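Summarising the annotation, TrEMBL assigns carbamoyl phosphate binding site to Arg58, Thr59, Arg108, His136, Gln139, Gly264, Pro265. The feature L-aspartate binding site is assigned by TrEMBL to Lys86, Arg169, Arg223. For 6-148, the entry in TrEMBL reads domain 'Aspartate/ornithine carbamoyltransferase carbamoyl-P binding'. Annotated domain 'Aspartate/ornithine carbamoyltransferase Asp/Orn-binding' per TrEMBL: 157-302, in sequence order.
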Amino acid sequence: MRFDQRHLLGIEPLRADEITTLLDLADQYVTLSRRREKHSSLLSGLTQINMFFENSTRTQSSFELAGKRLGADVMNMSMQASSIKKGETLIDTALTLNAMHPDLLVVRHPQSGAVDLLAQKVHCAVINAGDGRHEHPTQALLDALTIRRAKGRLHRLNIAICGDIAHSRVARSNLLLLHKMENRIRLVGPATLMPAGIDAFGVEVYDNMEEGLRDVDVVMMLRLQKERMDGGFIPSEREYYHRWGLDAEKLAHAKPDAIVMHPGPMNRGVEIDGTIADDINRSVIQEQVEMGVAVRMAAMDLLARNLRARPTELSA
Ligand code: NCD
């Protein structure tokens, strides 16, 4: 079992065997989290600071819960969007944080690359909880765990990622992870929401849901990220739902046992029909939330082990 990372900034730097190590450990944390007594003292004495410069419901709460279940001292710093002035402000924030001696820093930031920059300036382990359109590694890992548990494997699956690919860090991290694990990936959505140069990724691109979903094992829907759009990317939400929203008719083209995923927050009636999202025979959206806590426990556990293996400033 090897995990050689000091930080978890993205899926890009991870090896396939490190992903497997993390998911195997997360499976154990699913078991722990289903027990009445959920506590472990693995992170006892360590300080975890969550810094969210962007709104979050499930990611922030699951990082908080994960840290508490592992016995860490968890602090949430609420960062107002107005406090972001890029560059200098972020480095000043890093210096302030360093003075508080955290061991784990969980950061979400609206700018791509901001979390990497912060990681270079602090002494602790940093986890990227989503930076701009760049990466959201724990989301891709929790999606991978959900798929692996539902399908019994995480390789040679046909997986369709659908909707607003261009603005989605979730899509990007998932693409990287599913590619490393040797799956066949299709991207389905309007051409205006496909990133430029996507063909180089070794994926199949479809602008038609019926064709894109044909015989897939996994249908991953994405939220229409209106806050990241600075122009008219879609004709109207109604038209978008008609062509690219997941409903029973379109889902009928996938394999009969295909699972439906969505990272949340969901726009019912925009990218997905509410009855599909709630169908416990098809939708694994609630499992994704459950796996989120377990994957974040596993990530913090592995980073803390690597932290302990390094000499501290006091003993150095
Ligand atoms: C995603 C995010 O913030 O990137 N949500 C999440 O973490 N569960 C996806 C989204 O906002 O659409």
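Glycine is no exception: its Cβ is also placed from the backbone N, Cα and C atoms.
Look at the binding-site residues Arg58, His136, Arg223 and count other Cβ atoms within 10 Å of each Cβ; Arg58 has the fewest. The secondary structure of Gly264 (carbamoyl phosphate binding site), as reduced to three states from DSSP, is coil rather than helix or strand. Ligand 1 lies under 6 Å from the Cβ of the following binding-site residues, listed in sequence order from Thr59, Arg108, Arg223, Gly264: Thr59, Arg223, Gly264. Spanning the listed carbamoyl phosphate site, residues Arg58, Thr59, Arg108, His136, Gln139, Gly264, Pro265 have a farthest Cα to Cα distance of 16 Å. DSSP classifies Arg108 (carbamoyl phosphate binding site) as strand under the three-state reduction. In this structure, of the binding-site residues Gly264, Pro265, the smallest number of CB atoms within 10 A of the CB marks Pro265. Considering only the binding-site residues Arg58, Thr59, Arg108, His136, Pro265, Arg223 (L-aspartate binding site) has Pro265 as its nearest partner by CA-CA distance. Cβ proximity to the carbamoyl phosphate site centre (mean Cβ of Arg58, Thr59, Arg108, His136, Gln139, Gly264, Pro265, cutoff 8 Å) flags the following additional same-chain residues: Ser56, Thr57, Ala129, Gly130, Val170, Pro263, Gly292. Take the CB of Arg108 (carbamoyl phosphate binding site) and look out to 10 A: across all protein chains shown you find 25 other CB atoms. The distance from the Cα of Arg108 (carbamoyl phosphate binding site) to the Cα of Arg169 (L-aspartate binding site) comes to 12 Å. Rounded to a whole number, the distance between the Cα atoms of Arg169 (L-aspartate binding site) and Gly264 (carbamoyl phosphate binding site) is 13 Å. Over the domain 'Aspartate/ornithine carbamoyltransferase carbamoyl-P binding' (6-148) the predicted model carries a mean pLDDT of 92.
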